[in-house]
Every structure is written in C-alpha cells, then in structure tokens.
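Trainee: I'd like to ask some things about the structure below.
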C-alpha cells in the first residue's frame, strides 16, 4: 500500500485550499473540476474519511450552484465506492447526499421566491423530457407574457435538477442496511416534492423505482459474503418500508392517481404479509380508508363497503374516536352497504366465474378469508349494532329498505324525502346515485311479482324521485330497466309501440327475483315449479303407509352398508396411506428434479449474465478508450488551433505582417514562427542600415555643437565659482549665530539646575537611608532566587544529559543487536551459499563418474555383442542414492 499524502499536491488540505482560492477569484468551474478529479481518484481510498468529507461537501455546493447534476451524481457514486469500506465511510456518504438534496431544495425555493409565482398545478410537464424545437417555437409565438415565461424558466430547471438529485441519491443509498434510515428520509422528501408541485409523472416513476429496489431486496441471494444486506425479517426495517408504502399510498390518493394507488395497496399488503409484526391500528385504518376510496373510484361497491367495514372495526376501537366521527363513518358504512347492487339468482352471488381471481385478490387485500357479500355485510351491521351510531336519516333509510317494510307503490315519496336529507352532507351525497339505481331495481322486482303487464310510463315513473338534487330522467330509467333485464334481475319485454311492459315468468326456469328480495305473493310459475316436488313427497308418504316394512328394510340395508364400510375401512385406510406414500415419493422426485432444473437454469442464467456483463464491460472499456483517444485528439487539435490563432493574433497585433485569421488551415505554428522570424530579420536589417546612416550624421553634428559651446562654458564656470563663494559665506555666518544662541541657552539652564543640587542631594540621602534595609533584603532574596534557579538548571541539565546518554546507550545496544542479526544473517547466507557450492561440485563429480561408468558399461556391452547400442535408461531415485553412498564411501 502506498503511504498516504506521499504527493504534496495530493493532500486533501492542499486540494481544498486550491479550490477555495479558485472560488475567491471567481473560477468556480475550475474549482469544481479540481475537486471532481480528486474525489474520483482511486488514491483517496487510503485517506481518512474526515479529510475527504469537507471536499465532498464543497463539491456538492459547487455542483448545485453551477447546476452540474450529472457530475454530482458521478462524483457521489465514486465517493461511495472509494470510502464505503472505511469505518465511517457510509456515514459520510449519508451526510454528503443529505447536503446535496438540501442544497437542491434550497435552490428551488429561492428560484420560486425569485420568480414570485405559484407552480401551475394544472400543467403536467414531464421533467425528464427536454425542450423540443416545436415547443420553443410555440413559446416564442404564443401570447403568454414574456415575464411569465422568464419566471417559469427560472423554476422549471431547478425542478428538473431536484428530481434528478432524488433519483441519484436513492440509487446510491438503496439496498444497504446502514443507509436505510437516510434512504427512508429521502423517499419521504421525494414524495413531498411530487405532492407539493403536483408532479404526477415523476411520482409514477418514483413508485416504479422503489418497487424495483424492493424487488432487488427480495430476490437477491442470501450469501455469507453479502455485506450490509437488507433484512426484511427485522421488525424496524419492515416498519420503515411500511411507513414508506403508506406515505406512497396517501400521496397517490391525494394526487388522484388511482391505478398507482392500487399498486401501492398491493405493495403495502405484500409487506404486511411478509412482516412478522402486526402494523399499528392507525396505519391499518388509514390503509382501509384509502382502499375504500380506490374502490369507490373503480365503481366496485361491494369491496368499497367491505373496506369501510374493516375501517370502522378498527376506528371504533380507537380511544381517540369521538361520537361525531363514529356517527359519520358509521353512516358512510351503512350507505355504502345499501348501495351494493343486488345480484340475480341465476348467478353465484359470491363468486362470478369471470372475476374469480380478481375477487380473491381483492379479498386478500382486505385480509378477508372469503369474498364478502351484501348479505354478510348487512348482517354484520345489525349484529354489531352499528345502527346505534348512524345519523337518524340513514337509520330510517335502512329501516325503510328492510325486508318487511318495502312497498313498491307507496315507498317512493318517503325515500325521496330521505334522499333529500342525505344530500345535505357532501360525504353522503355521492351515494345517492347508486342508492337510486338499487332502490329502483328493487321496486321493479316487486312490481314484477304483482303485475303481469303494466304501462311503460307507470314503470318509469316509479324510478323517478322528485325533489332530490340527483334524479333519473325517463330515458335513464328505461336504460336502467334494460340493464337490469340483461343482468338477470328482471324478465320482461317492452312494447314501445303500445307502451306496455310484460313481465315473463317461465315455470321451467329458476326464479329471476333476487333471493334477498321479499316476495309479496307466490306466482303461478312458482306453483308449477314446486308441483313435482310436492308430488314426490306425497308418493313417499303413500308408500310408507301401504308398506310399513319398507322403512325397516331401508334401515336394515343402511346398517348392512355401514357394517361393510366399517369392515373395509382398515383396508381402505391402508390403500390411502400407500397412495399417499406413492404421491409423496412422486412429489419428492418431482421436487428434486425441479430443484435441479431450477439450479441448472439459475447457473446457466448466472453464467450468461456473467458473460454478458464481461462482454459489456469489455465493450464499455473499449468504447471508453476510443472516446478518450478521440477526446485527446480533439483537445490536441483544439490546442494547436488556439496556439496557431494566438500566434497569428500576436503577429497581427505587433504589426509585423498581416495574417488572415479565417484562413489558417494551411499554416501551422512552425510556419507562422518562421514567417515572423523572417520578417523580423528583414526589419532588423533595415533598421541597422538606418541607424548606421543616422549615427554617421549625428557624429558630425555633435562635433560642431561642442566646438561652438566652448566659449560659453568658460564664462559659465567663472560665474558659478563666484556664486558658490557667496553661498559659503552666508552658511558660515548662520552656523556661528546659531552656535552662540545655543551656548547661551544651555548656560542659563545650567545655572537654574545648580540651585537645585543641594535639595536633591539631601532628599536622595533620606530616601536611601529609609530603603537601605529593604534594598538589602531584596538583594538577598534575588541572590537566593538566582542560586536556586542555577541549581535547578544544573539538575535539569544533568537529567537531560543522563537521559541522552541512556538513549544513546539504548540506540547503541539496538544498533549492535541489529548489526549482530545482520552479521548472523550474512553468515547463514554465506554458509548456505557454501553448502550449495559444495553440493553443486559433488553433483558435478557424480555426473562425471556416472558418465564414466556408463561409458565403461557401454564399451563392455559393445565388446560382448555388436548389436546396436540401446538408449541410456534414466537412473531411478534408489540407484542415484546408492551411487551417491558408494561415492561418499570411496571419498
């Protein structure tokens, strides 16, 4: 590892000082580039985090001021990569990213305050979409005020910058247990950003980003080498993720992004299922309330009411619930339950074949074991006495729609009055539409039991509730009748020519009336349908009366069948057990095969991904190298052009020659310099010739001037001598007068002081007499103090000398020990070298003897038989060892 701070220019304090100096001279981009190069360098891995953090913070400030989002993102990634293995590296990263986001938010707030506008809530602009030429042209020719466009240009870039900052920071902090608290904080800030500025497109992208992060957490392999991995089994971690998803759900509902809200509900339910800890009741109540709103938007009345039912179960247990709130939510629960449309008897009320999976999914979101029904919800309301909390008008509506109090021809006015009263509350008002349709269909069903034919106008009038804010028109009522007939709630035909409605009832089909609808009377079709059942019952009673033994025979046969079943139950149980074993074995074999197949697929996928990543890395490295070379060539070319242009401008500025700055392609710096030098040499030669001629002319002129001025110089010298003599006499007289004056003043002062000398001497003697003892005492103390100081200094010098001698002795001993160890190592090394040399000599001698022996053996074999000589067989290790011992014995 290289020592830290080896290069003076690489020290953090020097880099920081350099950046501050550049900022002071208003070169912020240069300072940013300096800090960026330092932060992204791999050499900072060996520096202290405390030294790097101020540099990273200053870099973030400059990047935000200059709006360099991509540079800041890359710097943050590199900073995390370089310091994350340090002890406090990740804490420093969190401080830096928080500072980055805070600065971006502050800039956005300042820009918005400077623009002094409110962000247009209705304009859903995508922050990731850059301006197109068409949009620029449209903004230029539009009638929008120029000041408004300028103000928007101030705010929108900072909106985009802050959004990119959120994305970059979340990508840096994701999937790390040490940064999950800061990650959660940034997520909440991003949610508030989307809600504050109504950024629906960005909110969708943010939700997808968070889902990708949690998907990575759930699918990442749990290996021992994984550091700082997110543990979803930890209660605090799962609670943080739940808080994030609940915030996401609340914001999506407030932004009216219902599809995203449903996905958020699914995310919350997945986390709740994975969590070992039950969420807080307040959070679950909020969950069910938002789910009810989502179901209301999707027109799913059944699950809308079921969600309000789950919400009220939790809310009614809250100690903070007031009577008004309980009454409000209970009324909503009852109204939503009454608004559930009834289903016909020819379809399964709980599970519709086309929506089986959907209903099961929605039931699981509500934590229900089975699909709810209208009947079960009504029974729940009655059994839990929820009607005691509801508003009086809602309770009265529930009683009116009861099974025994529903009269189709007289109930219309009463229901209309209740609807008018319910419409006064804005939260109850939106249930009137579905209640109107449900009540109308039920009225039509009751009428179909009483009448066979009615007038169409009469039937339509039964579905129009006058006096309410929401009422159906005649065409809408007719459409409702057609839909009810299509769904199987009614069986009728409409003759528009005569305006007559005919109710149909086939005796060979199931009743089309809903099973929950009370019957006013039994229709002829019902009588025909039950005739066969009554006939069978009568025949059974007749047989029992004619032949009393028939019952006993049936009982005996039943007992015999039971005995046979009991006798064969053990064999059947054994067969079942064997079948279970076979099935388990088959299942185990299938599981093993599937697991092997999955492992093989995972291995192949991992290898493929590794190969793709390696190829991608190689491609990126090659691309990066190519771009670097191209950038270097461009920079070199640009530098050459700049230098060429600069030289040409200097030449033009000096006026040496005139060069066309727009036509420099065929010229390089060397040619320009040669042209400049040639022109300078030419100018120099011309100047020298001019100077030579001028100097020759100047010599003759100067000689004439000097001859003419000689007569005037002599006269001037005489006048100057006379003037200097006068000046000397004047200065001399002034000095003598001043000296006399000073002497007289000093003599007078001496006489004045002489009169004071006797008094001064007497006063001095008195003072000396008074302070004589004190002066002696002070002198003695000073002398004693001086002696003590001398003695202490002597002792200090002795101690320092002793310590110095001891230190020298220790250093000498240490040096001797080091020298001894060095000599010992040298001796051992020399000994080892000597042994190696001797061993090599022995090996050489052995090789020579072996060659002699082999030659002797070969000569003997050649003498015995003239056959072709065989190749020398290499000696084994045992033969070599034996030969070595023989040689050692001979020596």
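The backbone N, Cα and C atoms fix where each Cβ goes, glycine too.
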Trainee: When Swiss-Prot marks a stretch as region 'Disordered', which of 789-808, 809-828 is it?
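Mentor: Within the set 789-808, 809-828, Swiss-Prot attaches region 'Disordered' to 809-828.
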Trainee: Given the ranges 72-121, 122-171, which one is assigned the annotation coiled coil in Swiss-Prot?
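Mentor: My reading of Swiss-Prot: the coiled coil range is 72-121.
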Trainee: Given the ranges 830-853, 854-877, which one is assigned the annotation region 'Disordered' in Swiss-Prot?
Mentor: 854-877
Trainee: For the region 'Disordered' (809-828), what are the DSSP-based totals of helix, strand and coil residues?
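Mentor: Going by DSSP assignments, the region 'Disordered' (809-828) contains 20 helix, 0 strand, 0 coil.
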